[in-house]
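Engineer: Okay, handing you the structure first.
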């Protein structure tokens, strides 16, 4: 079982990294992709990935931090991305929900990271919120030049997921799908995602599955809860949990080049 989205650099994990990783392993999560969202956190994620076996990382700048993009940051991300633990560029994309960075800053950072991924022949770890059309417009010209892409934490519509699938994207599903208030539409479109394009993630410490029992007192999500998401998704798709686990592990190997069975 592989969690493609763990924010282990979050301050919520600052006191118990070792315990979080140990609990994940005990739960059967044998691999994790640690997300980089700006230069310092990308550097920290790479250090953590080199410290913990079965962990890899991304290197990039989240749209919220698009204003931080500069030639110096680009050079540092380029250098970091060549470390063996780094297997994707990102988290990059567009987020027009709150615009912590202006749309123009976000678009510049996103386009630059797509160019970087093409130059390095690396897949991209993508973020899109309230920006679907513009996101795809910027992404499309690069898709033939990069080896693959996953739209992480997908929460969009049926038409949006179909557009992404038509472009060859992998789709990342989180515990959002376990939310009986906000996740029902996503739950209904799960069968529309081909098994060979599906990836699973917790996005920990965020998006604790609402139907998890018992719920942790901290309300903090952890990669140890990925088996709950896996079992839920398999049930709603009408598939055996063990089969879907093997398929999503194979998808990780396909997209990121990670030897999942060697972990």
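Cβ coordinates are placed from backbone N, Cα and C, and glycine is handled just like the others.
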Engineer: Same divalent metal cation site as 127, 152 according to Swiss-Prot: which of 91, 180, 185?
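Structural biologist: The one candidate that Swiss-Prot places in that divalent metal cation site: 91.
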Engineer: With the divalent metal cation site defined by 91, 127, 152, which remaining residues of that chain have Cβ atoms positioned within 8 Å of the Cβ centroid?
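Structural biologist: Sorted by sequence, the hits are 5, 35, 62, 90, 92, 93, 125, 126, 128, 151, 153.
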Engineer: Which residues, sitting 6 or more apart from residue 127 (divalent metal cation binding site) on the same chain, put a CB under 8 Å from its CB?
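Structural biologist: Result: 62, 63, 90, 91, 92, 93, 94, 95, 151, 152, 153.
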